[in-house]
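Asks: Dropping a structure here in structure tokens format, bear with me for questions.
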Protein chains: 4
Amino acid sequence: MLSHPTLPEAPVSASCHDDDHPHEECAVFGVWNAKDAAALTALGLHALQHRGQEAAGIVSYDGRFHSHRGLGLVGDVFNDPRVMATLKGNCAIGHNRYATTGATLLRNVQPLFAEFAFGGLGVAHNGNLTNSDSLRQELIRRGCLFQSTMDTEVFVHLIAISLYATVEDRLIDALKRVTGAYSLVVLSEDALMGVRDPMGVRPLVLGRLPGEDGKEGSWVLASETCGLDIIGAEFVRDVEAGELVIIDDNGIRSLRPFGETKPHFCVFEYIYFARPDSVLEGLPVYAVRKQIGKELAQESGVEADVVVPVPDSGVPSAMGYAEASGIPFELGIIRNHYVGRTFIEPTDHIRNLGVKMKHSTNRPALDGKRVILVDDSIVRGTTSRKIVDMVRAAGAKEVHMRISSPPTKHSCFYGIDTPERSHLLAAQHDLATMAELIGVDSLAFVSLDGLYRAMGDGRRERYCDACFTGNYPIPLVDHDREHGPGTA
Amino acid sequence: MLSHPTLPEAPVSASCHDDDHPHEECAVFGVWNAKDAAALTALGLHALQHRGQEAAGIVSYDGRFHSHRGLGLVGDVFNDPRVMATLKGNCAIGHNRYATTGATLLRNVQPLFAEFAFGGLGVAHNGNLTNSDSLRQELIRRGCLFQSTMDTEVFVHLIAISLYATVEDRLIDALKRVTGAYSLVVLSEDALMGVRDPMGVRPLVLGRLPGEDGKEGSWVLASETCGLDIIGAEFVRDVEAGELVIIDDNGIRSLRPFGETKPHFCVFEYIYFARPDSVLEGLPVYAVRKQIGKELAQESGVEADVVVPVPDSGVPSAMGYAEASGIPFELGIIRNHYVGRTFIEPTDHIRNLGVKMKHSTNRPALDGKRVILVDDSIVRGTTSRKIVDMVRAAGAKEVHMRISSPPTKHSCFYGIDTPERSHLLAAQHDLATMAELIGVDSLAFVSLDGLYRAMGDGRRERYCDACFTGNYPIPLVDHDREHGPGTA
Amino acid sequence: MLSHPTLPEAPVSASCHDDDHPHEECAVFGVWNAKDAAALTALGLHALQHRGQEAAGIVSYDGRFHSHRGLGLVGDVFNDPRVMATLKGNCAIGHNRYATTGATLLRNVQPLFAEFAFGGLGVAHNGNLTNSDSLRQELIRRGCLFQSTMDTEVFVHLIAISLYATVEDRLIDALKRVTGAYSLVVLSEDALMGVRDPMGVRPLVLGRLPGEDGKEGSWVLASETCGLDIIGAEFVRDVEAGELVIIDDNGIRSLRPFGETKPHFCVFEYIYFARPDSVLEGLPVYAVRKQIGKELAQESGVEADVVVPVPDSGVPSAMGYAEASGIPFELGIIRNHYVGRTFIEPTDHIRNLGVKMKHSTNRPALDGKRVILVDDSIVRGTTSRKIVDMVRAAGAKEVHMRISSPPTKHSCFYGIDTPERSHLLAAQHDLATMAELIGVDSLAFVSLDGLYRAMGDGRRERYCDACFTGNYPIPLVDHDREHGPGTA
Amino acid sequence: MLSHPTLPEAPVSASCHDDDHPHEECAVFGVWNAKDAAALTALGLHALQHRGQEAAGIVSYDGRFHSHRGLGLVGDVFNDPRVMATLKGNCAIGHNRYATTGATLLRNVQPLFAEFAFGGLGVAHNGNLTNSDSLRQELIRRGCLFQSTMDTEVFVHLIAISLYATVEDRLIDALKRVTGAYSLVVLSEDALMGVRDPMGVRPLVLGRLPGEDGKEGSWVLASETCGLDIIGAEFVRDVEAGELVIIDDNGIRSLRPFGETKPHFCVFEYIYFARPDSVLEGLPVYAVRKQIGKELAQESGVEADVVVPVPDSGVPSAMGYAEASGIPFELGIIRNHYVGRTFIEPTDHIRNLGVKMKHSTNRPALDGKRVILVDDSIVRGTTSRKIVDMVRAAGAKEVHMRISSPPTKHSCFYGIDTPERSHLLAAQHDLATMAELIGVDSLAFVSLDGLYRAMGDGRRERYCDACFTGNYPIPLVDHDREHGPGTA
């Protein structure tokens, strides 16, 4: 008799990161020519908090550079008016970090600030360079000094060693050396700059605050449009893939350091990362998610009594599923938003009680029902299993799981913290085994076709969907060098 | 010409309490005969965090009493394993506090612990005594020493001065002296006790954790069933209005110190305070809220394109409204759950930008639409106005506001932090003026009849709805003495 | 063969309390009619920091009472200007606490503030009531509620239950109920009061700050004159044994609630507790200490090369010894004043290295020398042993220890934290055994006669020297009740 | 008539740095092959705390590098056992920092750690490079990235860009590029290294801990011998001027990268910086200080009643003065060692009261006396003036100040924080004017000859006494370039 497949044991954790989602690593923000620039930056970072909760930092400039960085939420790092008062100036950049390694060290918090031949420079970065290890080793051999483990430091060294004279030329020189996915916001003494990698994998948007009393207005850069909305800035446009925008006292200029490039925007931003009220590359995130739910209903409909989202990310897709299927949408799972730090070290006793810090079931909405659970993705499968168990314990007669993304079979190398392939449930098991492992009566993922239909037809080639397809649009320089090509 | 009515200026605040809701003051929790009693209490308090976020405390007993209290969320106050390790014992009680006055002083944090003739006693209290000022003055005249400003201290002094011998008799003696709304959890050296006032205004439920290995199980008391669910405890029943349950090594006993009493459970718990997954007095909160939304749709239907909740509390009613009306339910407003402390002192400049820390609009779901906004209540009206403005700024063509409670015209004296009547919008203006002040095209509240229909027929006399009707079931001793009867 | 006597193992501790001295429990301070009263109080407490380092608190009054208390040094508890700004008013009292029990709980920090029939009252207390357990039990039986374990709370309850009308009469009523050693500073809405027990065991001095611009000056109360000096206040006089001074808008009055009393001031204040620059009961502390050193030299002279103090408390006596003996005074032991909290949990390895956080030897001043070590007292003997070992390791050929107090053979019940008799080295062993245990070539204590000679003749009956003689001038009510009379 | 000279207004400050001494900038420590290496380093830094109180850091190595740095005292930065537990390994280096600029930024805290071609490297530095600005500009032009403002970073970059292969060769290469005063402790993956500049201006000593159980012992490097003493390490020898010691698994080697060099040890270490129990370059600090006092008495004797030190640094010299003059030594000024942070923002009122946080007078020892005050140096003169005023206010009839160093007429560029010449009292005024400004009846400094006599004859050329003589043994590269040669 064959042994039964089992899930790796779920990490028993009560932290805010106990969920089993891929994690975005960062948000960036910048503002030029605005009163209270640092305060506006703090607000922008607050609106972008979902992209990184481990650390935050701001660099401002008023003839001199000022900076403050710390571990924690934006509201914790910048809650002292005396600190805000030191961040003087009419321009500023900021950064939220999601920690990829166990402990976020303070030396790894952005924006990175350094002194160059041409003056100071602050840099905030969202993404991941695929040739950073190679570059790092080369730079170290050359005598460059690395004081952190961040990709951003590689980039900043490339600016430092560039033989060009101006910040702008050095920045472009550096950009041409790096491979990978990145959206950068850069503050020099003369300009605020924003740049997206040639494929435009990570988002970056441009906005504008009207000036008061007939004065010149302000320019704003943010990872998502919700970072504009919070301060009342108007959305102007997405910074384009491969575009460098330079904002200075003469206005705004657009450069194309890489010439024409072919965009491949991260499709997972629509599925999970971005805030639902953001509009990225012309598509409203919320509408895409709802539409995916509709596609799911059409592709993998099942008879049931209620459609229940795994909150918060599964809500719009579940709404779409309910709308398309006619099955009532119910809040069968409640999320406790007060979860902060881990605060109870679980004993065996507590572990056996099946304590859930973050989710609880709304029993009357589940008891005796055939339940369609809608979630955005399955990574390791451990959280899914726990949630299914909860829902069954609340009396659900059947549990059918519907996932608003295709199976996640490949790791991301472009700025998202995913486990290695060997820990991706969908990379290791077929659908039937996955269903068994997760404990559901049926399991379905939206198809890749369905996903792209939800996003509007004919645009498929404009996206990066490597996590589903393994088609990596940007060379995995470091990975291939270490593991050999085609192993990702 | 008449001058135009205007709203009082909205408080410009970025804190987590900038919303314009009534505020619950407390949660209580207790556990008897359980391993890790303090950890279970911390978990229970975490699940009840929505009832009070300003301070938390736990008292445990293992032959000696142990206690820890602090300002902040449960997860902040109890995040040090070394602190948890000091809270030894198999029984514990806990408390979450919502601060009614500007600054929560540490000396006002519960549970209150004191030493009596019969030994130590910990007391945690949710509610408000309506004769506490009178009692306090009497007790002070008698020589009692008040070290805090909490009602709970009045109650504890009454126990201390009682001439009865046993804890139980003294507790009952004290209960007979106080008037008001209260749910108390009390831990003595011999027993865990729970009691609700004769009207049962505030909730308290009883649960049970099965014992391991054939051992005797544990008893649990909690403000709401969600406090049982998090630790896997079974709901046994509500503690009844006017009931005192005493749990000790001989099991559980039920006493009726006030004889038969007529329950008047707070109807606002269903509308706003309780967590949607709780079941109170036999009614699931979530189902009641949805049903109110349906009643609203029937009573005050209006042609529109979308039904949009003010999250999170407006969501179930909006779902019900949408279901009943057939108008699509959309998440047109997004809530940022990362809001913690106030962190930006708003300059005029930032104030003018209309910064909203907590809510943002999902423009694509609102732009060009006729919007039905569903919220749970209007207190001062200031937040409503801001949200309506946001929704219009996002392109809504029409805004119709529907409120899932009747107009709040009277202050609560039973444990809810509401402003004085003079600051209650509905106590000062008629519906048309209110609509004008809030800036909506139409405004409707669910009727009192509609509300009770939503809760199931024929039970109306079992509730306290004084905030809507002014029918106060419990005498307002202190208030009447100061302001004269009939002035509330 | 007889077994060798050994010392109890020295507690391996690196904290600032690793020394083996008796510990003072508190300092009190009060100021009336002064601008910046709370700031002056903080300064006074800072100058009195040597009397208690575990916690500090201030209560001020400006029509309302304000208070702030916390764990740590005065400079830590009051280092936030925003906190100081809340302590408004022209009068204030303050308190430093030395923790007698393992952990100082915040609820045990003074001044205690409570609300009475006549208004608020703040009380700060230095000393120990010898009938507090008896009173406490009686008060609890009466229905009084104890929220801390401090003697002060007993006293405050007695004020609360007094049948007299005025604060003053109630205070006197309470004073007559308590037995023990105490110096109290009390702040009511109308007056600042200071009182010493009938024996005047603990110190309390009265000072005066001149008024600015012809205005009425300020009155100051402090545990020692150094608390006056820091703010430039003039010393007026000691509050007398059994005196109650009442300072209000009509000036200062002196009452004698106990009639004529016989003073017994704590002789150990001169030996160790008080700061050397203080003048207590007319005697300068520094001069007394030097003179004791001279007496020691005359009583127990020994041939040696250097006189070395155990810093800081042994310095003046060592100077006196050197002066009288003609043997050079040398700083052979250096004290590290940066020691704050315990910061290294000592492994066996570190313990074996003999790490000393607080003292180090100045080898060139000791190597090859016959050393006379001068210290103020021996309690358990553990620290003495460590210091002797250090001095020998630094090359001392001989070590002769001279102690500037008679042998400490009895516990203090009047406000000093001493171990039980069974842990007092001098209560258990004769001089020869003590010398052997401590590892010295010779050991001598100043005689009781020598001590009193050093303090000026004929005043012996004015002091409490119970720790040396067992003659307790104040009845040990609680102790005798529990252990039987004559057992202390 | 000429206008009267006046002192610049004394900074009103209550911090621990309100005194008017030159300030040492750093302590370094390192240990190789020892259990609990990080704990030993913390202890060593604790003993060296007098050399820097603003920040502390440790880097350890156990196959990987570990590091922790923070603002505050060693006992504050390393008080969490969980932090200590992360600093694994048998070798470690550490650093205490005195902040030279207003706010110590966390990015300026040492040891600096960076990643090189050859692996990681931690560097801790005491001293000052006189060509760091020049080098910094050159390195920045070359493309080096500066993330702090510390000299140490210059040094580390020079290692990084060296074309040599081994750490050792690169270190030597870097050493040859820098000019200045420095003692460095360096930890690589293979070795612990210590180096002093060619003149050996700043101290560095070598010690040894015996191995347990026949195992190989440990090597220790420390700024002063008191850093060895605390952990029971034996003093082996001073690292020599211009010497590089390399400690690895093969033992210890000594290199002389600069060939033979002429030592010029900082004479001020003996006068003020070093701890009295340290022995530096063969001379015990304490004995030198006492001897200077004797020289002072012989050079500038004056009739008086008492010799009073300004504690703590003036104590040994005052003892020497008293011994030589036969005038009694008295503790006329008491120092409050509990002073931590500034905690009272002084209002005019408090300023006028003449509050002194750190020193108080022992009136009985001063009143009516002719006082010789002994201090170690006069920098700006502001603190001296305050102390003289205090002493007169305590009743001194005459005040004669004697200074145990020659007049400080020149700034230090070798690692000591002194004001510019224009703020040095002795650089601006003759002796008579200085006496008048400070308010003394007479003023005398020890002569340069007297100083050197006190240190033993014939060694004068072995010291740096530039602060007294202006003879700078190391070129002031940056200063001369900016201000012109001969302007220091």
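Just so it is clear, glycine is given a Cβ too, placed from its N, Cα and C backbone atoms.
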Asks: Have a look through D:Ser300, D:Ser313, D:Ser442, D:Ser447 and flag the one TrEMBL assigns to the Mg(2+) site that D:Asp375, D:Asp376 belong to.
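Replies: So the Mg(2+) site in TrEMBL includes D:Asp375, D:Asp376 plus, from the candidates D:Ser300, D:Ser313, D:Ser442, D:Ser447, D:Ser313.
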Asks: Using a 10 Å cut-off on Cβ-Cβ distances across all protein chains shown, tell me which of the binding-site residues (D:Cys266, D:Cys464) has the largest neighbour count.
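Replies: The largest 10 Å Cβ neighbour count belongs to D:Cys266.
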Asks: Cβ within 8 angstroms of the Cβ centroid of D:Cys266, D:Cys412, D:Cys464, D:Cys467: which residues besides those meet this for the [4Fe-4S] cluster site?
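Replies: Other same-chain residues with Cβ inside the cutoff are D:Val201, D:Val267, D:Phe268, D:Tyr414, D:Ile416, D:Asp465, D:Ala466.
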Asks: In the structure shown, which of the recorded positions D:Cys26, D:Cys412, D:Cys467 has the fewest Cβ neighbours within 10 Å?
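Replies: Each of the recorded positions D:Cys26, D:Cys412, D:Cys467 was scored by Cβ atoms within 10 Å; lowest is D:Cys412.
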Asks: Could you say whether, by DSSP, D:Ser313 (Mg(2+) binding site) belongs to a helix, a strand or a coil region?
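Replies: DSSP assigns D:Ser313 (Mg(2+) binding site) to coil.
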Asks: What whole-number Å value do you get for the CA-CA distance of D:Cys266 ([4Fe-4S] cluster binding site) and D:Cys26 (active site, nucleophile)?
Replies: 14
Asks: Among the binding-site residues D:Ser313, D:Asp375, D:Asp376, point out the residue whose Cβ has the most other Cβ atoms within 10 Å, with all shown protein chains included in the count.
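Replies: Comparing the binding-site residues D:Ser313, D:Asp375, D:Asp376, the most crowded Cβ belongs to D:Asp375.
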Asks: Between the binding-site residues D:Ser313, D:Asp375, D:Cys412, which lies closest to D:Cys26 (active site, nucleophile), Cα to Cα?
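Replies: Sorting the binding-site residues by distance from D:Cys26 (active site, nucleophile), the top entry is D:Cys412.
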Asks: Give me the CA-CA distance between D:Asp375 (Mg(2+) binding site) and D:Cys467 ([4Fe-4S] cluster binding site), in Å, as a whole number.
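Replies: Distance (Cα to Cα, whole Å): 17 Å.
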Asks: D:Cys464 ([4Fe-4S] cluster binding site) to D:Asp376 (Mg(2+) binding site): how many Å between their Cα atoms?
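Replies: About 17 Å separate the Cα atoms of these two residues.
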Asks: What Cα-Cα separation, expressed in whole Å, is found between D:Ser313 (Mg(2+) binding site) and D:Cys412 ([4Fe-4S] cluster binding site)?
Replies: 20
Asks: Whole-number answer please: how many Å between the C-alpha atoms of D:Cys467 ([4Fe-4S] cluster binding site) and D:Asp376 (Mg(2+) binding site)?
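Replies: Cα of D:Cys467 ([4Fe-4S] cluster binding site) to Cα of D:Asp376 (Mg(2+) binding site) measures 14 Å after rounding.
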Asks: If you average pLDDT over the domain 'Glutamine amidotransferase type-2' (D:26-250), what do you get?
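Replies: Looking only at the domain 'Glutamine amidotransferase type-2' (D:26-250), pLDDT averages out to 91.
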Asks: Roughly how many angstrom lie between the C-alpha atoms of D:Cys412 ([4Fe-4S] cluster binding site) and D:Asp376 (Mg(2+) binding site)?
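Replies: The Cα atom of D:Cys412 ([4Fe-4S] cluster binding site) is 16 Å away from the Cα atom of D:Asp376 (Mg(2+) binding site).
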